[in-house]
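I have placed the structure first, in the form of structure tokens, so that the comments after it can refer back to it.
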Amino acid sequence: MLPSQALLLAVVFALAALQALASDTFMAAVYEHAVILPHPTQEPVSPSDALALMDKNMDVLEGAIKEAAQQGAHIIVTPEDGIYGWRFTRESIYPYLEDIPDPVVNWIPCTDPSRFGPAPVQERLSCMARNNSIYVVANIGDKKPCDSSDPSCPRDGRYQYNTDVVFDAQGKLVARYHKYNLFLGENQFNYPKEPEAVTFETPFGKFGIFTCFDILFYEPAVVLVSKMQVDTVLFPTAWMNVLPFLTAIEFHSAWAMGMRVNVLAANTHNTSMEMTGSGIYAPAGARTYSYNMKTEDGHLLIAELDAHPRLSPASPPAVSWNSYALSVERFSQNDHEFTGIIFEDLFTFTALTEPGGNLTVCQKDLCCHLSYKMAEKRDDEVYVLGAFDGLHVIEGQYYLQICTLLKCPSTNLSTCGQPVEMAQTKFEMFSLSGTFGTSYVFPEVLYSGVQLAPGEFKVLRDGRLKSKHGTSKPLITATLFGRLYEKDQPHPLRISL
Ligand SMILES: *[C@@H]1O[C@H](CO)[C@@H](O)[C@H](O)[C@H]1NC(C)=O
Ligand SMILES: *[C@@H]1O[C@H](CO)[C@@H](O)[C@H](O)[C@H]1NC(C)=O
Ligand SMILES: *[C@@H]1O[C@H](CO)[C@@H](O)[C@H](O)[C@H]1NC(C)=O
Ligand SMILES: *[C@@H]1O[C@H](CO)[C@@H](O)[C@H](O)[C@H]1NC(C)=O
């Protein structure tokens, strides 16, 4: 390269950097990756076999990272387990792990790869970030040796952590996060002793990071937003969809709206495991998302976001979730209440028997009010208004308060609550509210075919979830998913204390 060319390049980079500094928006990318899995085995493979498998996955990720950078993305998130998959024991994952240092060491693995011993995965991720001038977010495994001087040191002499790493556009390690809320069966990993609230500053806002199951709990997810005031959450996940309330696109977009923060959610893709659904979510709704149960392909998403969503006039206001519901009398006294099960939780339901009306259903401390008008009352479809106030106990324990307008799979009321993906009834209007005992409520709206409804609904300051101009597609559910974190069981590590 001639010196003049180098100079020109430097000027171009400086201008680009200045532009980013001055800019109040940025381009975000997430990549849903169909992970190439290792052969299932109890026996650990050799380190070179482990690296060969990880390189295959990183070859695919590199293509997505280059493409995202070419399209102007400043940051890209790749999924949890995206580099080695998930079928492991504690021993068999060991050859895939690297010692990941605390980012305070100020390390660019791409230019100084062996400073902390062998780290080929961190080196390659760092180079991908550096070569393409883009922040790269990935999920890998960390190993930390320990010995008997530490009473909680595992018997095999090491901690193993499910870990997110972030490399900045120079390839420097700027964040390392150890997953705090491990999912059932993640026995290959240890819990970190304390929840880590990991943040970092960029020219396009303050970022926080956590992983998958973490999103259902207070620490560190809510702490990052409420206390540390991050603008954007990076969210690598390997999310198995559960209708009607915990499908990835639905719940993750609702969390962004309820917490009034951007969320970059990158899911792994494996349809037989019900893993699909990634998105770039702003507080007012999804900027882009994908949900694909038809093919086994990866998918790159790119969209623009506000760097500081709290300062943006487009962002929704702070909500007092029970104001409206506490201010009105019961809409109806129901002789026709019945119960039904959703994800093993016992809901109280009442059916929407008229084309329009006002209904109330209560359970324990929670009363849910619904005003609605259907475009057409069909004989072959039934919707219910449901309430649940209690501890959810399947696949994790967490305390919920839920108000839901939900389509039943059939006109047989005993089926209400079972998963349903398709519907035919559009609503001219719905307005849902509840007497929530929490300020953490996540508003979900899902249309037929498992589609989001960005821009078609809003939450008023008084806590009503309302359609704006009716639903453009048939409705599966409109739900207020509330979390009462203070009624949760203690974290597994704290039970023994
Ligand atoms: C980064 O660029 C260098 C020099 O052009 C090249 O040798 C290396 O393979 C690249 N690495 C990645 C991960 O893109
Ligand atoms: C999806 O995951 C399952 C279970 O781990 C695995 O058996 C299957 O091969 C995966 N599918 C693809 C397309 O990789
Ligand atoms: C529902 O309530 C609204 C406002 O309180 C009222 O205008 C409307 O007539 C009611 N609808 C029915 C069908 O009772
Ligand atoms: C209604 O659904 C329940 C639960 O799926 C089933 O056990 C029952 O047989 C159904 N009743 C009729 C009349 O189809």
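For all residues, glycine too, the Cβ spot is worked out from N, Cα and C.
The active site, proton acceptor feature in TrEMBL is assigned to GLU80. In this structure, GLU80 (active site, proton acceptor) belongs to neither helix nor strand by DSSP; it is coil.
Annotation source TrEMBL lists active site, proton donor at LYS179. Taking Cβ-Cβ distances under 8 Å and a sequence gap of 6 or more within the same chain, the neighbours of LYS179 (active site, proton donor) are TYR161, ASN162, THR163, ASP164, PHE189, PRO192, PHE210, THR211, CYS212, PHE213, ASP214.
Secondary structure at CYS212 (active site, nucleophile), as computed by DSSP, is helix. TrEMBL lists CYS212 with the feature active site, nucleophile.
Here TrEMBL flags 31-307 as domain 'CN hydrolase'. If you take every residue in the domain 'CN hydrolase' (31-307) and average the pLDDT, you get 97.
Marked as signal peptide by TrEMBL: 1-22.
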Packing count at GLU80 (active site, proton acceptor) (other Cβ atoms within 10 Å of its Cβ): 27
